[in-house]
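To keep things clear, I will list the structure first and then write my remarks on it.
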């Protein structure tokens with residue numbers, strides 16, 4: 001059994017030099033963390049994190065400018081790079097290195113680093129997670145910053161991942177085409193509501209109604225998005241059911257385990273097309289064909305906006321004070337602290353009537 005390498009020692013001068021070159025190093029007492037790869041993804045914004053470069057973050061973990069969850073503290077340990085040389089942690093505060101402000105062990109400055117994981121990350125995870133049993137729910141909600149491989153098969157693995165722009169390239173032309181088909185079909189004047197029940201009192205659907213039907217589809221999608229996210233993606237599979245645990249991880253657990261795996265932030269087109277076909281079939285059974293298509297294309301547009309928004313909330317850097325800035329912080333809270341609430345992604349609207357809104361008091365103002 002190989003022995004773990006001793007932590008590397010860093011001098012104050014070396015930390016100062018690396019920060020001056022653009023690195024983002026922070027420390028907690030003597031422990032040093034390199035957040036350079038995470039700086040753009042930080043929910044508080046890149047500028048906020050860079051202002052802390054080289055500083056002691058012990059107080060920031062448990063107090064102003066915002067309180068960090070236990071998962072955020074564990075997350076920090078992934079970037080541990082070594083220890084400050086003895087005595088250098090007492091260097092007076094400066095623009096590159098802050099003074100020691102009483103780092104407490106409870107804050108999360110663990111001396112043991114990240115604990116050994118319950119799975120073998122060198123092998124596909126999908127067939128491993130089902131064996132975690134009662135440990136699965138806690139494990140899947142402790143996020144890590146590393147890519148996930150699901151399948152042994154390279155083909156299945158390829159189909160399970162996609163770049164964010166592929167969703168827009170594939171589905172935006174479909175939305176435009178189906179919108180044109182829906183509008184021109186309604187313009188023929190042959191579409192009527194309730195015609196299957198009565199011809200005398202059926203209601204004609206004019207082409208001018210198309211924008212409102214389209215918006216109705218987007219509205220229904222936002223509700224469907226919330227319901228799926230809450231009741232399907234966040235179901236708690238029975239600890240004794242290997243297959244339900246595996247299904248949960250495939251559908252959404254993988255995203256909570258590795259929330260910054262850029263290849264798994266949007267729905268791949270092949271499985272997405274199967275799901276969309278299912279919902280179109282339901283609308284076709286419930287409504288006249290053209291009307292069902294009009295609702296469907298609005299919902300499809302809502303889905304594209306949702307997926308683009310979801311990617312941006314993880315990888316974008318919205319300007320402080322904007323709607324997207326608040327939505328990004330809201331979604332990060334869902335991932336790191338409030339996994340049983342905050343299910344809205346493109347909008348927080350449905351969290352209000354369903355009483356799953358993340359409490360406002362958890363969002364403390366930044367300096």
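Using the three backbone atoms N, Cα and C, a Cβ is placed for every residue, glycine included.
A quick note: this is a predicted structure, and the numbers were derived from the prediction, not measured.
Listed in TrEMBL for this protein:
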DOMAIN    7-85  domain 'Cytochrome b5 heme-binding'
BINDING   42, 68  heme binding site
TRANSMEM  163-183  transmembrane segment
TRANSMEM  208-228  transmembrane segment
BINDING   229, 234, 252, 255, 256, 310, 314, 331, 334, 335  Zn(2+) binding site
TRANSMEM  265-287  transmembrane segment
TRANSMEM  293-313  transmembrane segment
Best-contacting stretch, by C-beta pairs under 8 Å, relative to the transmembrane segment (265-287) and drawn from 163-183, 208-228, 293-313: 293-313
Listed in sequence order, residues with CB under 8 A of residue 256 (Zn(2+) binding site) and six or more positions away: 140, 141, 143, 335, 339
Contacting positions for the transmembrane segment (163-183) when only residues 6+ beyond its ends and CB under 8 Å are counted: 207, 210, 213-214, 262-263, 265-269, 272, 290, 293-294, 296-297, 300-301, 303-304, 307-308, 311, 315
Residues near residue 252 (Zn(2+) binding site) in space but at least six apart in sequence (CB under 8 A): 229, 232, 233, 234
Distant-in-sequence neighbours of the transmembrane segment (293-313), which means Cβ under 8 A and at least six residues beyond its ends: 164, 167-168, 171-172, 174-175, 178-179, 181-182, 185-186, 210, 213-222, 224-225, 262, 265-267, 272, 276, 279-280, 283-284, 287, 324, 327-328, 331-332, 345-346
Reported mean pLDDT - the domain 'Cytochrome b5 heme-binding' (7-85): 71
Most Cβ neighbours inside 10 Å, all chains, among the binding-site residues 229, 334: 334
